[in-house]
Structures are given as structure tokens and as C-alpha cells.
């Protein structure tokens, strides 16, 4: 599997066993001026959604986390 990896949003091959791509958006203390922080990467399971996330996308095709 290949996924986009933050901070550069470049496509990289995921480690063995990490077949899920994800994109998380969440607010930090600068959210009102800079917008949400975006994290992209690979995972073995979809990260658990928490109340601090604005959005969470998990997908299973190459580079689907754009």
C-alpha cells in the first residue's frame, strides 16, 4: 500500500501490516488563524475518532488519503 504522508503529503510505501491510509484534521491553539492541523499516514487499523478531530478519513486504496 502507498499513502500520502504528512507533513509533505508525498506518496510513500507503508510498512508491512499497515494497509490503511488515513487523514486526520484537528484544531490546535492556532486553528482560528491557521486552520486545522492535517495529519496523513499509514496505520494497521483506523485511528479512533476523538472529539478534538474535525474529520477523520480511513481508506484502503493507494494514495486515497488526499
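The backbone N, Cα and C atoms fix where each Cβ goes, glycine too.
What Swiss-Prot annotates here:
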DISULFID  3-21  disulfide bond
DISULFID  14-42  disulfide bond
DISULFID  27-31  disulfide bond
DISULFID  46-58  disulfide bond
DISULFID  59-64  disulfide bond
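For the disulfide-bonded residues 21, 31, 42, 64, the largest tally of other C-beta atoms within 10 A is found at 21. Sequence-distant contacts of residue 3 (disulfide bond), defined by Cβ-Cβ distance under 8 angstroms and a gap of at least six in the same chain, are 11, 12, 14, 21, 22, 40, 41, 42, 62, 63, 64, 65. Within 10 Å of residue 59 (disulfide bond), judged by CA to CA distance, lie the following disulfide-bonded residues from the set 27, 31, 46: 46. For residue 14 (disulfide bond), the number of other Cβ atoms no farther than 10 Å from its own Cβ, over all displayed protein chains, is 18. Neighbour count (other Cβ atoms within 10 Å of the Cβ, all protein chains): 16 for residue 58 (disulfide bond).
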